[in-house]
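A short write-up of the structure that comes next.
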Amino acid sequence: MTAAALFQSVLASLPEIVVITGACILLILGQFLRKGREPFLIWASVAVVLIAASVTLMLAGAAQPAYAGMFIADRFAVFFKFVFYLATVLTFLLSRRYAETEGIGSSEYYVLLLLALSGMMIMASATDLLSVYVGVELMAICTYVLTGFLRREQRSNEAALKYVILGSVSTGIFLYGVSLVYGLTGTTQLDAMAAAVTGDPLDPGLLLAVVFIVAGLVFKVGAVPFHMWIPDVYEGAPTTITAFMSVGPKAAGFAVILRVFLNPLVATSDVWIILAVLAVVTMALGSFVALVQDNFKRLLAYSSIAHAGFAIFGVVAGGADGIASVMLYLLIYSFMNLGIFATVIMMRNGDFSGEIIEDYAGFAKSRPGLALLMLLYLFSLAGIPPTAGFFAKFYVLVALVERGFVMLAVIAVLLSAIAAYFYIRIVMVIYMREPERAFEPALTPLVRVTLAFTAVGTIGIGLFPAWFLRLAQHSVLGG
Amino acid sequence: MGFPLLSLIVFTPVAGAAVLMFLRRDDAVRWTALGVTILDLALCLAMLASFDTTTHEMQFIERHPWVPALGITYALGIDGISALFVFLTALLGWICVLASWAAIDRKVKEFMVSLLVMQALMLGVFCALDLFLFYVFWEAMLIPMYLIIGVWGGEGRVYAAFKFFLYTLAGSLLFLIGVIVLYFHGGKTFDILALTAQDLPFQVQSWLFFAFLIAFAVKVPMVPVHTWLPDAHVQAPTAGSIILAGVLLKMGAYGFLRFSLPMLPEASVHYSTLMMALSALAIVYGGLLALAQDDLKKLVAYSSISHMGFVTLGIFALNLRGLEGGILQMFNHGVTTGALFLLVGLIYERTHTRSMAEYGGLMKAAPFYTAFLALFVLSAMALPGTNSFVGELLVLSGGFAADLAVGATAVLGALLGAAYLLGMYRKVALGPASVGARFSIRDVNAREMVAILPLAAFVLWVGLYPKPFLNIIDASAKHLLMQVHSKGSGQ
C-alpha cells in the first residue's frame, strides 16, 4: 500500500478513528478522574460523537473505497452512522441519572459504549466479510460487558452470560460460513461473494455458507429462530443499554444484511422466500408473545422482535424502494423506541423500577404531559398516523406492493394490528386506571432533552416525511 | 388557489385545542371550546354560502406537495356530498361541547382537547382529495375516539374502547393495502380525482372492492361486523355517542360514495345486489335487536345499525332517488340519532339509569323533554313531515326500483322501527309516574334547550322543505351515478 493510498484509507475511516481514539483517551482520563466528576465523561463522550459526526458529514460526498476494498465510506454508510450517533448520544444523555441510581460510577461504561459505536460504524462501512467480522465482534464484546454492568444484580449477570455464550455461538456460525466462502471462492470480498452466489449453477456448499452467514447476522437483529436471547438479555441489561441495543446494534445488523445480501441476491434468486418466511414468523412470534408480557422491558423486547420482522419485510421487497424503506424504518424506529425507553428509564427512581406495566396505572392523572409523550411513542410504535411509525410501515408496504407481494403486505398489516393491541394496552393502563401510587420520575434536564428530541422526531417525521424519505432514497446502495 | 377556507375549517379546532392546553379553569376550557366550535360552524356556513350547487366539480380546492417522492399531496376540496357532511360535523361539534358541559366533570381540559382534535380529523376526512391524506385523517381518529370512550366512558369502557380500536384498525389496515394497490394501478398517484378517472380491470376492481368493503363495512357498520358499535355506544359518554352516531358512522358510507362507486364502478354494479341484500339484512336484524333492548342507549345504537342499512341500501340501489335518499338519510340520521343520544344522555345524567323498565310517566315530570323526545322518535320512525320521511321514502322508492324483494324487506324494517320506537316512547314517557317519582327529574334547562333546538329545527326543516338540502347534493349525486353507469355498464 502506497503512502497515498494509506492516506486515502485513513481519511475515509476518519470518523471511526476519531471515535476509537476518543474512547482510548477517555479510558485513560477516566482513571484519573476524581469522584463526582462523572458528568465530564458524558460531555466528553458526546463531544467525541459530535466530532465524528461532523467528520462524517464532511466526507459524505462521493463513495471512497479504502483499505484495499475492505472498507468503504459511502452515503449508505453515512446514513447508518447517523442512526448510530443518534442512538449513542441519546443513550449518553439518558445514562447520567440512571447510572447514579444504579451505582454505575465507572468510566468504562462510556468508553465501552463508544467502542461499541465504532464497531457498528465499521459494520456499516465493511465491504469484506473479515471487516464485517471485526465490526461485529467489536460491537458485540462491548455489549456483552455492558449487559452485565449491574454487577450486584443476578438478573444482569445471567443475561450477560447468556448473551456471551449465545453470541459466541452465533459468531462461530458466522465465521464458519465465512471460511466456507473463502474455501469455495478464494475471496472474502462481498462483491465477489455475491457474484459467486448469484452465479449459475449454484454450488450447494456455497448455499450452505450463505445460510451460516445469514444465521450469524440474523442473530444480531434478533429474528426468529435466533431471537431467544433477546427477552432475557433486554430484561437483565441496564435499561439504558437495552435502549441502546434495541436500536444501534439492530440497525448495524440490518446495515450488513442489506449490504451483503440485498443488491444482487434478492433480485435474482429465490432467497426472498426464506426471508419472507423469516419475516412472517418473526413478526408473528414477537406480536403474539408480547401480548402476555407484564414486564415493560420484556414487552419492548418482543416488540423489537416484531419490528425487526417488519423491517425484514422491507428487505424482502428489495430494490431501491425496499432498501430505502428499511433504512427509513430503522431511523424512525430509533426515535420512537429511544423515546419510549427514555420514559421507562426516567421512571427508575428510588425503589421504583418502572418495569412492571401495572405500575403505570393512572400515570396520566398525576403526570399528564409525560403520559401524553408515552401515548405518542406507543401509538407511533403501533403505526397509527400521523406519527412517524405509520409512515415507516407505510413505506415498507409500498415497497412490498410495488414488488407484487400483496399477500405479504396483507399478512404484515394483520400482524401489526395484533401488535397494536399491546401498545394500546399500555395506553389503557396509563390513562384508564386509577393511580395506586405517587410518581416521582427522575426528570433531569438531560432526560427532558432526550424526550423532547425523540418526540419532535416521532411527530415531525410523521407530519413532514418528505425530507427524510428523500434522504433514505438518496442513501440507498449504489444510489 | 385563493383563500384556504377548507384548511381553516379543518385546523381551527386544532388551534383551539392548542389554546385549551394553556387554560387552567374548567369553565374557561368549556367556554373556549364552545367558542371554537361555533367559530368553526360559522366558517362552514360561510363555505356553504359561497358553495356553487350547480356543478359537481370539486370546489375550494387547495393543493400543496407533501411527499413528492411518492406523489403524495396535501389536497383539500369538497363537492356536494362532502359539503353536507362538513356542515353536519360542524353542526354537531358545538352540540357535543354543550352535551358534555356538566356530564364531564373530570379532566375537562383533556376531554375538550380530544373532542376538538376529533372534530378536526373528521372534517379532514370529508375534505381530503388525496388518498394518503384521507387515510391519515381516517386512522388518526382512532386516537382521540379511543381516549374519549376509554377515559370518560361508563363501566365497561376499557373493553369497549379496545374492541372499537381493534375492529376499526384491522378494517382500515386492509383498506390501506387496497389504497397502495390502487396507487400502483392508477399510475403512482394518490390524487382521488385522478384515480377516479382511471379504468381498472374488473379483476383488480373486485379485489379492491372487497378490501374497501371490509374497512367501510366496519365503520358503517354493516352486519356481521357491527358488534363493536353497541359496546362503544353504550360505554361512550354522551358526546362520544353523538360523534359516533352522527359522524363516524357516516364515514363508511362516505367511503363507498367517494371511492368504491366512482373508482370501482364495474365491481360496484356487479356486487350491488349483494350489498343491497346485506343492507336489507342490517335493516331487519338491527331492528329486531333494537326491539329486544331494555337499555335506552343500546336501543338507539341498534336502531342505528338498522338506519344505516337504509343508507347503504340507497347507495347501492344505484339510481338517483336511492342515492340522493341515502345521502340525505345520512344527514338525517346524524341529526336525529345525535339528538336521541343527547336526550338519552340528559336523562341518564339525572337518573343514572338507562333501563327503560325504571322509567315511566316522564311526561308529567318533564313535559319539554318528552315533547322533544316525541319529535325525534317520530323523526326516527320517518313520519311524514319529519326529515327521515323524505330520506326513507327516496331510499325505498329507489330500492323498489332496483330490487323488489330488497325493497319489501326494507319496508318490513321500517315497520319494526315503528314498533321499537313507539314502545320505547311508551315506556319512558307515558304510563304511570310511579317510578318517575323515585327520581327528582328536572326538565330540560336552558343550556340543554340550546343544544336540542337547532336539531329539532333541522328535523322539521328537512321534513317540510328538503329542497335546499337536496340541491346541495343533486349535481354531485347525478355525476356520481353517471360515472358508475357509463363505466360500470361494460360489465
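Every residue number used here counts from 1 along the chain in the order it is shown.
Using the three backbone atoms N, Cα and C, a Cβ is placed for every residue, glycine included.
According to TrEMBL, the domain 'NADH:quinone oxidoreductase/Mrp antiporter transmembrane' annotation covers B:128-416. Residues or ranges marked as transmembrane segment in TrEMBL: B:6-24, B:31-51, B:71-104, B:111-129, B:204-222, B:234-257, B:269-292, B:299-318, B:330-348, B:368-384, B:404-423, B:444-464 (among others).
Counting Cβ pairs closer than 8 Å and at least 6 residues apart in sequence, the transmembrane segment (B:368-384) and the transmembrane segment (B:6-24) reach fewer than three and form no contact.
Among B:111-129, B:269-292, B:299-318, B:404-423, B:444-464, B:299-318 has the largest number of CB pairs under 8 A with the transmembrane segment (B:234-257).
The stretches the transmembrane segment (B:404-423) and the transmembrane segment (B:299-318) meet in space: the count of Cβ pairs below 8 angstroms, excluding pairs fewer than 6 apart in sequence, reaches at least three.
If you count C-beta pairs under 8 angstroms between the transmembrane segment (B:269-292) and each of B:6-24, B:71-104, B:204-222, B:444-464, the highest count goes to B:204-222. Contact check: the transmembrane segment (B:6-24) against the transmembrane segment (B:204-222) gives fewer than three Cβ pairs closer than 8 Å, residues 6 or more apart, which falls short of the contact criterion. Most Cβ pairs under 8 Å to the transmembrane segment (B:330-348), among the stretches B:31-51, B:111-129, B:299-318, B:444-464, belong to B:444-464.
Between the transmembrane segment (B:111-129) and the transmembrane segment (B:31-51) there are 3 or more Cβ pairs closer than 8 Å, counting only residues 6 or more apart in sequence, so the two stretches are in contact.
Long-range Cβ contacts of the transmembrane segment (B:31-51) within its own chain (Cβ-Cβ under 8 Å, at least 6 residues beyond either end) map to 5-6, 8-9, 12-13, 15-16, 19-20, 23, 59-60, 78, 83, 86-87, 90-91, 93-94, 96-98, 112, 115-116, 119, 123, 472. Ranked by Cβ pairs under 8 Å to the transmembrane segment (B:204-222), the stretches B:71-104, B:299-318, B:444-464 are led by B:299-318. Remote same-chain residues near the transmembrane segment (B:444-464) are listed as 91, 95, 98-99, 101, 328, 331-332, 335-336, 338-339, 342-343, 346, 366, 368-369, 372, 375-376, 379, 384-391 (criterion: CB distance under 8 Å, separation of at least six residues from the stretch ends).
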